Amino acid sequence: MEQKDSFQEPSQLKQTLLDIHQDFSFDTSNLSITQEIQDPSSSYTSSNDGEVDVDDDVESETSAFSQFFASQSGRKNQFHRCKTAPAMTILSDLTNNIAKPVPDSSSLVRQAAILLVIYLSLGVFIYSFNRDHFSGIETNPIIDALYFCIVTMCTIGYGDIAPSSSAAKIFACLFVLVGFGFIDILLSGVVNYVLDLQENMILTGIEEKSQEGFSVRNYIYDKAKGRMRIRLKVGLAIGVVFLCIGIGTIVLYFMEDLSLIDSFYLSVMSVTTVGYGDRAFKSPQGRLFAAIWLLFSTLAVARAFLYLAEARIDKRHRRIAKWVLHREITVEDLVAADLNHNGFISKSEYVVYKLKEMGKISEKDILQICDKFNKLDRNNSGKLTLPDLFGDSVSAVGDPGMRRDGLRVGFEAWNFCNEVGKEAPLMGSPRAADCFDLSTTHTFTRTHSLDNVLNAFIKWLIFSFLSEGISINHKVSDANNKLGVGKSFPGLSSQALKNADLYAAEKEVYLGSLCEVDDKPKPWQFWMVMLKNGNYDTNSGLCPENGKKVPPFKPGRFPCPGNDCMNQPLFHHDMTSLSSDGSTMRGGFSGSYELGSQGGGLNSGNSYYEVVWEKKVGSGSWEFRHKLKTSKLYPWLMLYLRADATKGFSGGYHYDTRGMLKILPESPHFKVKLTLDVKQGGGPKSQFYLIDIGSCWKNDGTPCNGDVLTDITRYSEMIINPATEAWCNPKNLINCPPYHITPNNVKIHRNDTANFPYGAYHYYCAPGNAKYLEAPYSTCDPYSNPQAQELVQLLPHPIWADYGYPTKQGDGWVGDARTWELDVGGLSSRLYFYQDPGTTPARRIWTSLDVGTEIFVSNQDEVAEWTLSDFDVFLT
């Protein structure tokens, strides 16, 4: 009970903590931006029926969830369109790994050695030239001087050599004061380093030799504290003390002709810095040994006694902690720990209260932490978000709004399986890039003190009157872009040299290294133009089925007119260049799938694709002008401009990718801004995506890891072509998701014909390897991705108004160019995605966002044309 008296009573503690900040509330779930962020308005968990459970205050209806059918007879053996918009997941890279500052131990030792030599040299020099001012037994002048300096610095005081004049006494006073501080600051640091090094060597040796089961490491290493057990440290330190005393005793016995008892006596009196003066070192060899031995042994003994004190303090802390943790919590404790007066104690409040009760944290500490948090929490929300840390508008892309003069844009083309298969003749591997920086011979300095208006004026002056000095410095050469199978480049693996699929993936990484822009929190590479051919030769057996290798099957289910229908396209690159007046930059990619064609563009009978980018120097956004034309031989084509992850999986395939997303956005905390002008729609079968997002997680909610048998690619797409109908309707529930969640968190099941927004969904299909689907269900095309996929395809509808999405057919279509600000994160957090019952909900971290069209098996040649600019993904 006496221990309890040393702490404040709960009522006093409550008042102390509440006085810090009446409105402050600790909540550890909001203190870290690296952990999963939940939207309180839309929190949900996976229930036993595999659905999303909205909070208790949210209206919900009971789903007619069907039992899992063990046989395949219950599954609909029909597959629908492929989806190839990019997405594969990588682990969230939002957290930037910042190395902890570590002192340079080698530098510390070197600095201590240099200063020690200077200090002792100065003392020896002064003593040597002033020997008449010191009394005592003389041996060798240099050894005597060094011996006197060491004994003085270690504050032993044998008295065998002492200053006799006033000048020598003043020197001794200054020398011992400086030496005392020197040995405390510098040499103590060296001893700490040596002891820590010894400790690490012991732990490392034990770690290497420990086996599963019993390990001596458990008796040496305190895992909870991340260091050696304090008792072992004391034992090691005491062992060093006995070693120092033992060495001193033996040397004194043989060098100073002392008895064993006197040798031990002098050794102990020396290392403990007592130094009565009745015994001292008299021989030159003894004094030389003392100069070295005393320097280290006195420090080692002092460190041992410090460890003993630490052990006693540690024992007291453990005793107090045990009492605090085992004491039953009372109503008074509840009131005292309830900082925000909400009637209950959160985990973080309980932790703070107990730490305060243990004496591990003081009122001053809490006040400083509160003040720091309040300064960071700019909107007084009680939470720390990325805008709090980095500003109101935090962009996830490396080139926010496409406004950077130095453009970075890449190109990739895929066959139906999202692979290469075979390169087009003389085209090289279907990977390319146009990356450059803009430079001028007329340099100028831009300082942070200038405002935006002045900056713009300076730019205008330079680019208007000094345009002859502007040039484009390309990062990627034509030879780089033409690299193909069999041609080596830095970083290429031997396995990829002759493999078209692996070669393309590694070429993308290589081009990314040439284009990479160093940025925070991590570098980024380029926007990506993606082109895909929807033809599939089923006799080839090239594409897996939901990740599984399958044999060829009869044609008819997929288009494949002519021979070799899965080929890669012709590729032409107009490298970005300046206009004659130096005011505009322009470049582009173009080509055709008909390998024997000689051009012709949109007016020929061949397929055609084109992406042209243009921008005024120093102002505005890049405008990406897209054209896509199908033909009889290539009736199913796709063209997108994407922002992909800068590392990991992306694009619906299991290879390392490069892209523009320096921060991976996570639902619900991000929005997308873009300007879209659709010139031609591509016909009635053009699925034009205002926004298409993709990610990947397994059916148990865990992130994808490259295992194509269990990874699932997930897509959410908004189709704005008014000719696209809602396949989801009361008579075709098979094409609808099991339920819809409104912006107000009301769950509406698809069999609720009076309330379910059927017109908001074009089509939903489930992963082909899902085990607990609710009937009726339709599974997605199993061949067009390396693994199974899940699609949620949306249509303009009033229910999407709260997210800034189109609310009626025709919004954003031909003749209705708009700048959109879409709450993609908010909407995607409420969409249904399949997950196994009873599993933890997946974090919806999106690795690809794109805009473009998929012209699906057209009966005639179709043309789509659109312009995209101002693309940005910003965190909220």
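Placed from the backbone N, Cα and C atoms, the Cβ positions cover glycine too.
What TrEMBL says about this protein:
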type	residues	note
TRANSMEM	112-130	transmembrane segment
DOMAIN	114-194	domain 'Potassium channel'
TRANSMEM	142-161	transmembrane segment
TRANSMEM	167-195	transmembrane segment
TRANSMEM	234-255	transmembrane segment
DOMAIN	241-310	domain 'Potassium channel'
TRANSMEM	288-309	transmembrane segment
DOMAIN	334-350	domain 'EF-hand'
DOMAIN	394-874	domain 'DUF7705'
**Report entry** Confidence summary for the domain 'DUF7705' (394-874), mean pLDDT rounded
**Finding:** 93
Report task. With DSSP as the reference, give the number of residues of the domain 'Potassium channel' (114-194) in helix, strand and coil. Result -> 60 helix, 6 strand, 15 coil
Query raised in the report: How does the domain 'Potassium channel' (241-310) divide up by DSSP, counting helix, then strand, then coil residues?
Result: 54 helix, 0 strand, 16 coil
Query - the domain 'EF-hand' (334-350) - residue tally per DSSP class, helix then strand then coil - result: 8 helix, 0 strand, 9 coil
Query - For the transmembrane segment (142-161), sequence-distant contacts whose Cβ falls under 8 Å of one of its Cβ atoms, 6 or more beyond its ends - result: 119-120, 123-125, 127-128, 134-136, 172, 175-176, 179-180, 182-183, 270, 273-275, 277, 279-282, 284, 287-288, 290-291, 294-295, 298
